[in-house]
Amino acid sequence: MAKHLIVMFLVIMVISSLVDCAKKPFVQRVKNAASKAYNKLKGLAMQSQYGCPIISNMCEDHCRRKKMEGQCDLLDCVCS
């Protein structure tokens, strides 16, 4: 009976170590994919030709409430 318990304990230890080994690369791959996606979105946001058409409408409305004219300049709203 004691031998069976020792064998079961060793089997459980081997299985748990294999699970830990498999989990680390998976988590690392998910983190890498998330950081790549974040960097792509950040790069797109830095390009004003993609963001200004969306922001310009909000900027014009914002500046119109201030009775000024608004322009989108590098993703910033400039009221003049």
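Each Cβ is built from the backbone N, Cα and C atoms, and glycine gets one as well.
Checking the candidates CYS59, CYS63, CYS79 against Swiss-Prot, the cysteine paired with CYS77 through a disulfide bond is CYS59. Here Swiss-Prot annotates a disulfide bond for CYS79; of CYS63, CYS72, the partner residue is CYS63. The DSSP secondary structure for CYS59 (disulfide bond) is helix. A Cβ distance under 8 Å defines the sequence-distant neighbours of the signal peptide (1-21), meaning residues of its chain 6+ beyond its ends; there are none.
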